[in-house]
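*Asks:* Features from TrEMBL:
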| type | residues | note |
| --- | --- | --- |
| REPEAT | 13-51 | repeat 'HEAT' |
| REPEAT | 90-128 | repeat 'HEAT' |
| REPEAT | 167-205 | repeat 'HEAT' |
| REPEAT | 206-244 | repeat 'HEAT' |
| REPEAT | 245-283 | repeat 'HEAT' |
| REPEAT | 284-321 | repeat 'HEAT' |
| REPEAT | 327-365 | repeat 'HEAT' |
| REPEAT | 366-404 | repeat 'HEAT' |
| REPEAT | 405-443 | repeat 'HEAT' |
| REPEAT | 483-521 | repeat 'HEAT' |
| REPEAT | 522-560 | repeat 'HEAT' |
Amino acid sequence: MASSDPGDDSLYPIAVLIDELRNEDVQLRLNSIKKLSTIALALGVERTRTELIHFLTDTIYDEDEVLLALAEQLGNFTPLVGGPEHVHCLLPPLESLATVEETVVRDKAVDSLRNIAAQHSQADLENHFVPLVKRLAGGDWFTSRTSACGLFACCYPRVSTNVKAELRQHFRNLCGDDTPMVRRAAAGKLGEFAKAVEPEYLKSDLIPLFTVLAQDEQDSVRLLAVEACVSIASLLPSEDTEQLVMPTLRQAAEDKSWRVRYMVADKFTELQKAVGPEITKNDLVPAFQSLLKDCEAEVRAAAAHKIKDFCQNLSADVRENIIMTNILPCVKDLVADANQHVKSALASVIMGLSPILGKDNTIEHLLPLFLSQLKDECPEVRLNIISNLDCVNEVIGIKQLSQSLLPAIVELAEDTKWRVRLAIIEYMPLLAGQLGVEFFDEKLNSLCMTWLVDHVYAIREAATLNLKKLVEKFGMDWAQQTVIPKVVHMSRDPNYLHRMTCLFCINLLADTVGSELTTKLLLPTVIGMGQDPVANVRFNVAKTLQKLSPLLDQSTIQNLVKPLLEKLKADSDLDVQFFAAEALDANATAGGK
């Protein structure tokens with residue numbers, strides 16, 4: 001194929017690319033595979049079908065990385081082989097790729113096969129695609145049989161009744177395969193196949209398979225059957241779900257393997273929606289309680305994550321009663337759980353119960369839990385509570401919130417762990433918006449200023465950004481009266497790191513406070529710091545002057561900024577010289593414009 005007529009210039013690059021496909025260098029082969037569409041376009045549809053596809057099928061043995069790229073490319077090749085009427089010629093190379101040992105290659109080949117299945121006519125589907133599915137399903141190696149599991153749903157709806165019966169039989173065989181990997185693949189695709197088959201066959205063929213897979217000796221198969229349960233339950237009327245699905249689901253929720261119980265917990269709200277309110281009330285509430293009390297921390301954490309959504313999805317007439325009677329006692333136990341991941345999972349959702357339970361229940365039952373979690377030794381638990389305070393604020397109001405929770409927040413703001421302090425800082429603008437300017441100034445303003453001189457750089461950096469956000473929220477007057485005087489005062493701090501923080505604050509605040517306040521209040525401070533004894537401060541002065549220049553008028557630049565930069569350009573420190581020269585160049589360029 002590479003021996004094209006050397007006189008044909010248009011095909012010469014193609015010959016080179018095909019030679020690269022045979023090259024020993026994996027990267028060259030990979031690059032060539034990624035240019036397959038270029039090769040195909042140059043060859044034309046006829047030669048692509050007869051030569052290129054044949055060549056690719058014959059040279060399918062390669063590095064996994066190359067095969068993965070090939071599997072992906074072939075999924076988009078339909079126009080390059082002449083459209084849907086010729087799409088079946090792409091099946092042989094993809095069939096080979098669907099049998100290789102590497103899972104990601106097989107999965108990509110299956111994705112591409114599913115993609116091109118939709119482009120087959122019904123006749124081509126039965127004549128070419130279904131035989132491929134049967135060959136894969138009956139293959140000697142488990143790799144081909146696992147790939148087959150993903151192809152039933154995409155071709156089943158468009159074939160004749162007899163072929164449908166054959167496909168159901170093949171899928172049944174795969175569900176009972178001797179190899180656990182195949183049963184696992186079948187269990188993983190059972191829900192998808194259930195959506196494709198007719199209702200009568202769902203009951204007669206697939207639900208028995210679901211029951212068998214849910215009792216498989218391998219827990220990796222049983223947990224995937226739980227996923228199929230969501231799809232199957234959503235397809236059945238309530239009485240059939242109760243009779244055909246719930247016994248298996250109850251069993252899964254009490255499975256001896258924690259991984260199966262974890263999957264039930266993880267899919268719980270999806271199961272809740274699928275089975276409907278009546279079954280939820282009678283069956284899922286006790287199951288959920290059981291999962292929240294599970295002996296394995298991973299299961300409790302997965303269930304705890306679902307508490308808010310589960311409670312929200314309960315029918316309105318029984319919601320409050322079920323939460324107060326069945327869920328809240330479990331929540332109280334989880335607040336004191338020995339595992340920090342469980343407590344953290346709970347803390348991320350517990351605030352969401354406030355809007356569901358209302359003001360009185362929140363104050364009486366939930367606030368003590370919030371306070372307990374705000375004092376938890378685990379930083380992530382405290383952070384998750386703080387991050388969701390707005391839910392509670394909307395329900396109980398800022399007065400109650402400040403009396404109950406603010407002392408705990410102030411305590412956290414001074415926590416010895418810097419990551420906790422950082423989390424509080426990041427939350428501060430949101431909290432400020434909820435509290436209002438007067439309350440904020442009274443209770444939290446001094447904290448924000450204290451962070452600017454924290455011994456951890458990340459805290460000082462976050463504190464400067466926090467100031468900018470607060471100024472944006474509270475306005476120029478507040479900035480002029482409250483923030484800028486304190487920032488200016490830092491320029492005279494004995495610690496040079498704090499003087500640097502002063503410059504960082506000015507950098508960030510300048511854009512927000514505008515040209516007038518920058519010229520009047522911030523620039524004199526920067527100019528004054530140009531004589532600083534520490535070189536790091538002086539070169540940051542140069543950088544700050546470059547940042548402020550666009551906000552200043554030309555006379556200010558000429559009379560104040562430029563003389564100082566000229567002086568810094570002659571500084572004894574090389575870094576100061578460099579940044580001063582850079583700032584002068586920037587000013588000269590801006591002036592030219």
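Keep in mind that glycine also has a Cβ here, set from the backbone N, Cα and C atoms.
Predicted automatically and left uncurated, TrEMBL annotations should be read as such.
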*Asks:* Quickly jot the same-chain residues contacting the repeat 'HEAT' (483-521) by Cβ under 8 Å, restricted to those at least six beyond its ends, or write none.
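*Replies:* For the repeat 'HEAT' (483-521), the far contacts come to 449, 452-453, 457, 460-461, 463-465, 467-468, 470-472, 476, 528-529, 532, 534, 536-537, 540-541, 543-544, 547-548, 551-553, 556.
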*Asks:* Same chain only, please: residues at least 6 beyond the ends of the repeat 'HEAT' (366-404) with a C-beta under 8 Å from a C-beta of the stretch. Say none if there are none.
*Replies:* 331-332, 335-336, 340, 343-344, 346-348, 350-355, 357-359, 411-412, 415, 417, 419-420, 423-424, 427, 430-431, 434-436, 439, 443
*Asks:* Return the average pLDDT for the repeat 'HEAT' (483-521) as a whole number.
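*Replies:* Result for the repeat 'HEAT' (483-521): average pLDDT 88.
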